[in-house]
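Enquirer: Following this message is one structure expressed as structure tokens.
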């Protein structure tokens with residue numbers, strides 16, 4: 001190492017040391033100075049990448065000064081300078097750009113706009129290389145603003161008593177490194193009372209002038225509510241300079257009261273019976289317990305002990321509910337609600353705790369009378385105005401605990417009747433049919449009951465064996481596929497007979513007796529006084545339609561099956577009975593679908609002999625039984641009909657016995673549909689053909705008595721034993737007429753045979769396929785002189801030639817000129833027209849033939 005090199009290194013080392021000392025002590029414009037992180041004051045920002053920072057706020061709390069790389073800045077800030085720590089060089093905000101996101105590459109602006117995109121910005125922007133300077137932009141926000149009483153409980157939105165002289169306003173916000181926070185308190189007239197309500201001495205980062213900064217810790221402004229008048233106040237906070245917009249500000253309200261008594265506030269003055277009524281206890285210190293009661297005189301007459309126990313709901317801040325009885329001999333808290341007589345109940349109570357500034361509870365009005373009801377609020381337990389009536393389990397101590405205690409507040413509210421509607425069934429109802437029952441009820445109605453009325457009282461209608469229908473949480477009710485006449489109650493019987501009646505729906509709470517059971521009947525006056533509605537319903541008798549599928553009145557014994565379809569509203573099933581001429585019987589039960597239709601395919605009739613037969617559909621009618629007392633069900637009827645076949649009776653005898661014991665029986669309302677048919681051999685025939693031109697098609701038509709869909713008729717074009725073309729069909733109507741088109745695109749002219757085959761039966765017919773079908777050739781000849789047209793039709797056969805001539809009189813034109821044929825001149829040879837010449841030629845040809 002040379003002396004020169006050593007000297008240079010020494011000089012360089014000395015320069016670096018001096019520069020470090022200078023860099024550690026330099027003060028920048030605006031009061032910014034480098035310091036160790038542990039010595040920073042509340043106004044300084046931390047540089048997360050180093051132990052150094054630059055102050056960004058002067059002593060008056062305003063944003064001025066410089067920040068170094070890694071600092072966090074906020075939307076809306078002004079007067080912020082970026083400087084490098086190592087050389088004090090100022091960095092232009094425009095050189096920093098967004099490093100990622102949908103706005104990647106967008107430059108940073110100064111002043112920072114209120115809508116500047118949040119996130120990181122650096123000198124490299126979206127590039128991955130390490131940047132020499134970068135900052136992070138955040139949205140300024142107040143994250144918490146609460147008014148707290150002496151016990152440090154949140155009473156925001158509630159009541160702060162003037163005696164709470166150690167109350168405070170607590171704030172959390174994220175821009176403490178950029179700006180101080182400013183507090184403003186206004187009364188209900190908008191007058192600023194901040195200086196008046198602030199306590200003389202402040203701590204927790206607050207200053208006497210209503211500003212403050214406690215860094216990352218909660219900022220507290222100490223207040224004395226006794227310094228201001230009672231009333232409603234609004235508390236607001238925001239940044240002292242730039243950050244006074246959007247989420248950087250927050251407001252809250254509080255009611256300052258000089259009263260020592262708690263107050264009761266109802267959510268509504270009028271409520272529909274069955275709805276829940278919210279109440280709020282205000283103006284009471286945090287943690288107090290208050291008793292709220294409703295006297296039994298406001299209960300519904302039909303309420304039971306269990307119902308009364310539900311009046312005060314165990315929700316919100318309610319910690320205990322119950323009933324107190326006073327039966328002259330004792331006053332006590334009820335343990336057994338089910339066995340408690342409503343006449344012994346004195347009142348229902350709730351114990352409510354004051355939490356977050358107030359106490360919230362709720363009343364179930366379903367069990368209150370539809371009139372005006374009173375609610376009482378008692379002083380807090382264990383205070384100068386009331387004894388300690390709440391035990392350590394947060395329960396009322398005993399039934400006499402509130403005796404002799406004056407209330408802090410009382411108020412009343414009106415309970416009105418609600419609405420209930422029955423949307424279905426309405427209009428017409430077929431006896432025995434299934435319907436959907438649905439409708440709507442007002443809030444708080446848990447169950448509804450269906451009734452029917454003829455002339456007197458409303459009679460109970462059971463719903464699938466139940467006496468009531470549950471109301472869903474959306475205040476609707478529905479039961480599907482219900483037979484209204486199925487039960488054994490009076491209303492079921494009413495709806496089992498044709499006529500016009502009143503159908504009613506009523507809240508279950510209005511339809512129960514003193515023991516809580518649903519009443520079997522309710523007189524019209526009581527029904528109308530309850531939460532109910534009625535509509536008219538017309539009950540009609542059952543009906544029956546049916547059609548058996550035959551083909552031209554026949555059923556082929558090759559099939560030995562028959563189909564039937566029809567309608568039977570109000571029935572679950574019907575009986576199909578097919579009777580042969582020799583006394584054979586086929587009996588089958590057929591189910592009726594929910595849409596009142598039935599459809600049964602492939603009923604086996606193989607036991608029947610050929611000949612005439614009858615098919616019947618038999619329904620039991622609205623009474624559900626066959627005949628007067630022949631059979632009570634389809635299965636019973638099947639056994640009965642089986643008895644009719646003993647002794648080798650004829651088909652007519654069996655039919656007579658069935659009719660006499662069902663539809664023709666005394667007082668019977670049975671219904672029957674009868675259809676005659678013949679059971680015969682299967683037969684498929686060819687009746688006619690059309691077409692037959694080579695290259696075209698041949699249509700083959702015929703009749704059959706075979707069952708469509710289950711059978712296929714195949715038509716084959718044969719030449720000798722060779723099959724030329726084939727086609728088929730499995731569709732034809734009840735007249736048995738079928739049709740098949742056989743393609744002739746590859747068939748040469750000649751004589752052929754067509755064969756129709758249904759699988760069991762065949763039929764044949766000879767046909768001729770020609771090269772071209774003959775069509776009449778018409779020539780029109782004009783006769784211009786007499787305005788006539790002659791049409792000659794020639795048909796040539798092997799034996800003779802026939803010439804027909806017809807003339808038609810043409811209409812003359814409007815100007816009287818003679819008609820002419822299209823495209824021809826109106827002139828002709830006088831006396832010797834083309835028509836005359838044609839006749840002459842034909843005559844000569846005929847003469848030549850006769851000579852030959």
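Glycine residues also receive a Cβ, built from the backbone N, Cα and C atoms like all the rest.
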Enquirer: Labelled N-linked glycosylation site in Swiss-Prot - which residue from 51, 513 would that be?
Expert: 513
Enquirer: Among 327, 438, find the residue to which Swiss-Prot assigns the annotation N-linked glycosylation site.
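Expert: Looking at Swiss-Prot, the N-linked glycosylation site feature maps to 438.
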Enquirer: Counting only residues 6 or more past its boundaries, what in the same chain has a CB within less than 8 Å of a CB in the compositional bias 'Polar residues' (115-126)?
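Expert: Beyond its ends, the compositional bias 'Polar residues' (115-126) has Cβ neighbours at 75, 91, 95-101, 103-106, 108-109, 132-139.
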Enquirer: Can you grab the distance from residue 398 (N-linked glycosylation site) over to residue 727 (N-linked glycosylation site)? Cα atoms, rounded to a whole Å.
Expert: 97
Enquirer: CA-CA, which of the glycosylation sites 339, 438, 513, 727, 751 lies nearest residue 643 (N-linked glycosylation site)?
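Expert: Checked the glycosylation sites 339, 438, 513, 727, 751; minimum Cα distance to residue 643 (N-linked glycosylation site) goes to 438.
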Enquirer: Between residue 513 (N-linked glycosylation site) and residue 438 (N-linked glycosylation site), how far is it from one CA atom to the other, in Å?
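Expert: With distance taken Cα to Cα, residue 438 (N-linked glycosylation site) is 25 Å from residue 513 (N-linked glycosylation site).
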Enquirer: According to DSSP, collapsed to three classes, what secondary structure does residue 643 (N-linked glycosylation site) have?
Expert: helix
Enquirer: Restricting to the chain of residue 727 (N-linked glycosylation site) and a gap of 6 or more, list residues whose Cβ falls under 8 Å of its Cβ, or answer none.
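Expert: Once residues fewer than 6 apart are set aside, residue 727 (N-linked glycosylation site) is near 714, 715, 740, 741, 742, 743.
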Enquirer: Counting only residues 6+ apart in the same chain, whose Cβ is under 8 Å from the Cβ of residue 751 (N-linked glycosylation site)?
Expert: 719, 766, 767, 768, 769
Enquirer: Quick check for the class: what is the C-alpha distance, in angstrom and rounded, between residue 339 (N-linked glycosylation site) and residue 438 (N-linked glycosylation site)?
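Expert: One finds 34 Å between the Cα atoms of these residues.
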Enquirer: For residue 398 (N-linked glycosylation site), list the number of other Cβ atoms lying within 10 Å of its Cβ atom.
Expert: 14
Enquirer: Identify, in sequence order, the residues in the chain of residue 438 (N-linked glycosylation site) that are 6 or more apart from it along the sequence and have a CB within less than 8 Å of its CB; answer 'none' if there are none.
Expert: 422, 423, 424, 476, 477, 478, 479
